[in-house]
Amino acid sequence: MVSSSNLGFPRMGENRELKKLVENYWQGKVEETQFQKELKEIRINHWKLQKEAGIEIIPSNDFSLYDQVLDHIHLFGAIPKRYTPVVESEIEDGSNGLRTYFAMGRGYQTSKAATQVSETNTQGAFASKVEKSIDVGSMEMKKWFDTNYHYIVPEFEDSQQFKLTNYGGYSEPKPIHEFLEAKSIDIETRPVVLGPISFLLLGKSSDSSKPYSSKFDSLVHLNALLGVYEELFKQFEKIGVKSVQIDEPVLCFDLFETELIKNAYTTAFNVIHKAAPNINILIATYFGEIRENIDLITSLPVNGIHIDTIRSSSSEVESVLTKIPTSWTISIGIIDGRNVWKNDLTKSLVTLKNIIAKTGSDRILLAPSCSLLHCPHSLTREIGRVESQVLDWLAFSLEKLKEISFLTYALNKCTFTTENTITFPEDTCSKIKEYYQLNKESNQKRRESKLIHNDIVKKRVTEITPSMLKRENPFPVRREAQRKRLTTLPALFPTTTIGSFPQTKEVRLARSNFKSKKITPEAYDQFIRDEIRKCIKVQEECELDVLVHGEFERTDMVEYFGEYLAGFVFTQNGWVQSYGSRCVKPPIIYGDVNRPVPMTLEYTTFAQTLTTKPMKGMLTGPVTILQWSFVRDDQPRSETCFQIGLAIRDEVTDLENKGIACIQIDEPAIREGLPLRLSDWNQYLKWAIDSFLLSSTGVKDSTQIHSHMCYSDFNDIFESIQRMDTDVLTIENSKSDLKLLKAFEKYGYTNEIGPGLYDIHSPRIPSVEDMKDRVEQMLKYLSTNLLWINPDCGLKTREPETTRLALINMVKVAKQFREIYANKE
């Protein structure tokens, strides 16, 4: 018999209950006992929902207050030494470990430390009862493989020690606690643990002066780490755990150091098997193809494997299946865990019947392709709010679990003819038959819908020429023209921000009232204009050089543009976690994309009338819009990206024609779109960079094109970054210990650049001294003539006053360096 299973469930809740609860905890608005009570309610509700959807194998330990990798960092006692003052403060006041946990994720600054930095009393993270001056930044964040989710990067010392810890008020390690919690309501779960090899390979050296020279260097810590896995799995066996899912997504990478990797995996899984010989181990891979790594996997003492069939070709799946031992469980990721389209159940049944013909049914588990962390919670609240024809094509997490449940039922109970038609047993509930029939009709309607296709858009894509993918002149010529035009710009160390400014409760309320028609469009427009005025006043008081309008009209840098572009649809509650408590609501691209009307022209040109300084036009680039949306799956992603590129190009032209001299086209997502396999990179990078160039190159030399990139390791794609040919590139760098700058030095980057001077994801206020030190480090790698001074990302999630104080300090730094280098000249 085939069984139904799940790899992971969205954490936030149907109405983002977790986000609100955690943020209230940070602000001291909820007591510890109530906090733990409500967390438990969320977890139990999620387990019950999965059971009610018909899932037999339900995960535990997939829940997290911030990030699953951060959970493992704390669980394994791998807390960097700079957080020792936070740890000690918890010991002194009897806290539960969560202050340290959240400090690693978002930084920690006591009121006393904030006062010393800013001369104002500002509270950072939830306070210690023992008031000390503690000021520590957050750990680095990176994108989780090629998704828009961010994980906290583990840090390892030369002689890193690990120990299994309890935190968060638990009397046992988190995976143990959550298994027992589910068991208390009669739900037997399969705990999810990040595998030891993936955990180490996702990490970095804690010493920025001695970075790892190879991505495999962190494996030196394997033997020390395995002690905690051994202890954890012994505890699993002791409490009656029958099966554990060990996530090893790096097994979809090119693992060139074959013997090193083989020895590491063999050692690790031998230790785990010996510690818990009676537990069935399922190795979960996802986001790519296993390919040659199947030989390594099948040599390990485990009991099963999960295959992502959505990201694997049919020939790859067939090849892998032939090598799996006959005694193993095979988890088939048949439902797309990363997109929102309704599964074609007939097509999936054909695929699964072919697999079962080779493997038999008794060892088959059906599952999503990956954790449903990357998919919204449920379609329940979208009924009547999303265009009905498009809504009929969609499936969110709960709907996907029901698809898995149906496929499991059909494979176990139904018969199939040679024409792939399905015959239900006589006692089948009419609702099951109706469910299948409606699925067939939905998929047929989507294939035939006239909503999807626009012949004019398709024709424009075919007419793209090489001349549309390059600027008229090289950067030195353009730079001279831009400096002549931008007369207020200082010769050295110009300052700017990345775009968005803090969105207060008042801004969010006004937007909500506008969308619910509680205020008129005219009243909302006036409110936005007033916010823009205040934003420009703050920037001028801070003495910034290139200003922004603040983006108060925008909820999200992708959602806003999608609302103006044809081919997009938006949900009311389709939230997914991005990092920590931050959620995003990705638009859904269902058809051909074009720009019926200008998107940013009105507020950008209005803002420019309020200042004599340059006002940046703020746009999101085509690759980022693509990456941060749920994308149609009926044509190549490259085709959709070129369509978006043409739409952005039209907007850039309009801004230039209205006198906007600086236009920023953000592309923070270019690197995250890279396929997991190196052999697939060139094809992706070709169309991704071409799409950006298509959007950015149709301007005069005197128009300065900016772009922003964040959470990116540029070393291995530097030639592609150079090919973007932006006049000013701003990058997230504050969390990366300046390691990105070494790539710019190595490859001789000659355009202007603004590495992030401080981390906006942390509530702490950066000091002048901290930022001066960072600039001094930057100048070891970059020319004074090319360096811009700016934060590392947009300021939307920060508080207005801490933002103002941080920018004042940042401008002080720029002025000091202008004075230093003016004197040198």
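Glycine too: its Cβ is placed from the backbone N, Cα and C atoms.
According to Swiss-Prot:
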- His761: active site, proton donor (ACT_SITE)
- Lys19, Asn148, Asp556, Tyr579, Arg582, Cys583, Trp628: 5-methyltetrahydropteroyltri-L-glutamate binding site (BINDING)
- Ile498, Gly499, Ser500, Glu551, Asp666: L-methionine binding site (BINDING)
- Ile498, Gly499, Ser500, Glu551, Asp666: L-homocysteine binding site (BINDING)
- His708, Cys710, Glu732, Cys793: Zn(2+) binding site (BINDING)
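Here the features listed in Swiss-Prot are placed on the structure.
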{"residue": "Lys19", "record": "5-methyltetrahydropteroyltri-L-glutamate binding site", "contacts (Cβ under 8 Å, 6+ apart)": "Met12, Ser581, Arg582, Cys583"}
{"residue": "Ile498", "record": "L-methionine binding site", "contacts (Cβ under 8 Å, 6+ apart)": "Val548, Gln664, Asp666, His708, Thr730, Asn790, Pro791, Asp792, Cys793, Gly794, Leu795"}
{"residue": "Gly499", "record": "L-methionine binding site", "contacts (Cβ under 8 Å, 6+ apart)": "Val548, Glu551, Met557, Lys616, Met618, Gln664, Asp666, His708, Gly794"}
{"residue": "Asp556", "record": "5-methyltetrahydropteroyltri-L-glutamate binding site", "contacts (Cβ under 8 Å, 6+ apart)": "Val584, Lys585"}
{"residue": "Tyr579", "record": "5-methyltetrahydropteroyltri-L-glutamate binding site", "contacts (Cβ under 8 Å, 6+ apart)": "Asp67, Met141, Tyr149, His150, His761"}
{"residue": "Trp628", "record": "5-methyltetrahydropteroyltri-L-glutamate binding site", "contacts (Cβ under 8 Å, 6+ apart)": "Asn148, Met557, Val558, Val584, Pro586, Ala669"}
{"residue": "Cys710", "record": "Zn(2+) binding site", "contacts (Cβ under 8 Å, 6+ apart)": "Pro668, Ile731, Glu732, Gly756, Asp792, Cys793"}
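Ranked by Cβ neighbours within 10 A across all protein chains shown, the recorded positions Arg582, His708, His761 are led by His708. DSSP classifies Lys19 (5-methyltetrahydropteroyltri-L-glutamate binding site) as helix under the three-state reduction. In this view, Cys793 (Zn(2+) binding site) is surrounded by 27 other Cβ atoms within 10 Å of its Cβ, with every protein chain counted. Of the chain residues outside the L-homocysteine site list Ile498, Gly499, Ser500, Glu551, Asp666, Thr497, Val548, Met557, Met618, Gln664, His708, Gly794, Leu795, Lys796 have their Cβ within 8 Å of the site's Cβ mean position. Residues near Ser500 (L-methionine binding site) in space but far in sequence (CB under 8 A, at least 6 apart, same chain), listed by position: Val548, Gly550, Glu551, Arg554, Met557, Gly794, Leu795, Lys796.
Annotation note: Asn148 (5-methyltetrahydropteroyltri-L-glutamate binding site) sits in a coil segment as assigned by DSSP.
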